[in-house]
Ligand code: NAD
């Protein structure tokens with residue numbers, strides 16, 4: 001049954017890892033290594049079933065292949081899941097055991113943090129394998145990736161503005177930002193400095209208030225952000241927020257933000273295009289953090305990271321071009337761009 005799933009998603013390798021002593025139950029999915037070793041974080045989550053864990057790890061690994069390919073990185077896509085509760089089930093022994101499994105793959109898979117795992121966990125993994133990034137700064141990490149993600153989103157928004165309004169200039173543009181957390185706080189700073197007017201919402205009132213105080217933003221209720229008068233809507237909280245309920249409310253001409261998996265279903269990407277709303281594909285716009293983490297692998301160089309993050313601007317221009325030439329919505333154009341790059345390198 002798993003081979004069928006692997007065929008369906010094009011997965012190269014699924015590795016089931018079990019360690020009796022520490023209780024480790026982990027699955028590593030190596031989706032595609034055409035462009036390089038498969039890089040992707042380790043998620044720790046109390047999956048209800050093994051089936052759910054397999055489904056999640058395959059889906060996540062596949063999206064890493066596309067994200068790395070579209071970001072122009074020489075890396076493939078992979079991901080790992082540890083079945084367990086990140087609050088109660090962690091131990092040094094568990095991450096050591098996991099590190100030993102990663103080491104056996106001899107560099108085909110490189111891990112990093114994801115939901116439920118931390119820098120401290122990566123440091124434990126590092127004691128057993130070198131195939132790990134996102135470790136503590138003293139071991140050569142580039143630190144918190146959120147500011148790099150934010151910078152990439154900023155460049156992505158500029159590229160989208162150029163496409164939608166004929167100018168990348170954000171001065172005077174009204175931008176609605178949903179969620180002002182780690183990424184969007186920095187994003188709001190860049191947007192404010194560029195002269196944009198900000199409207200923000202956050203379920204945590206203090207986060208919205210901070211943007212009001214520091215960047216002169218206007219705060220609105222969490223359900224009101226979709227319908228505000230604005231030029232650009234920047235989703236920076238959770239996924240699935242472009243859906244049947246929210247799409248009819250949007251007044252923006254552009255959707256470009258940090259959140260992963262913004263389209264609840266593919267049809268919502270089609271519908272955005274049909275309504276003339278330009279969608280900047282999420283995994284391209286938010287790849288700054290990945291670019292930063294990936295650079296650690298090649299020997300961290302901050303200048304190189306900043307230059308690659310700036311490249312998100314031209315990468316989006318290419319995607320909008322493909323979208324127009326092939327008359328397909330931008331989210332499909334991003335997939336095309338990634339697939340063409342991978343196919344070119346496939347032997
Ligand atoms: P975060 O948890 O720091 O920030 C999310 C913010 O959204 C929080 O302030 C939270 O209170 C708020 N929020 C949650 N639900 C909301 C709602 N319904 N309405 C309004 N606000 C809401 O997370 P982050 O690291 O800033 O990441 C933001 C998004 O970007 C996530 O989807 C994440 O997967 C994605 N992303 C982050 C990075 C990164 O480098 N951190 C990289 C790529 C993608």
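Note: Cβ is positioned from N, Cα and C throughout, glycine not excepted.
Every protein chain shown contributes to the tally, and the Cβ of residue 79 (active site, proton donor/acceptor) ends up with 29 other Cβ atoms within 10 Å. Residue 79 (active site, proton donor/acceptor) falls within a strand when secondary structure is assigned with DSSP. Positions annotated as active site, proton donor/acceptor by TrEMBL: 79.
Residues annotated as NAD(+) binding site in TrEMBL: 179, 180, 181, 182, 183, 184. Within the same chain, the residues at least 6 positions away from residue 183 (NAD(+) binding site) whose Cβ sits under 8 Å from its Cβ are 146, 149, 150, 153, 236, 258, 286, 289, listed in sequence order.
DSSP assigns residue 184 (NAD(+) binding site) to a helix in the three-state reduction. Distance from the CA of residue 79 (active site, proton donor/acceptor) to the CA of residue 184 (NAD(+) binding site) is 25 Å. In this structure, 179, 182, 183 are the recorded positions from 79, 179, 182, 183 whose C-beta falls under 6 Å of some atom of ligand 1. Listed in sequence order, the residues 146, 177, 185, 187, 202, 207, 236, 237, 258 complete the 8 Å Cβ shell around the NAD(+) site centroid, once 179, 180, 181, 182, 183, 184 themselves are left out.
Looking at 179, 181, the binding-site residues in this record, the fewest other C-beta atoms within 10 angstroms of the C-beta turn up around 181.
Under DSSP, residue 179 (NAD(+) binding site) is assigned to coil, being neither helix nor strand in the three-state scheme.
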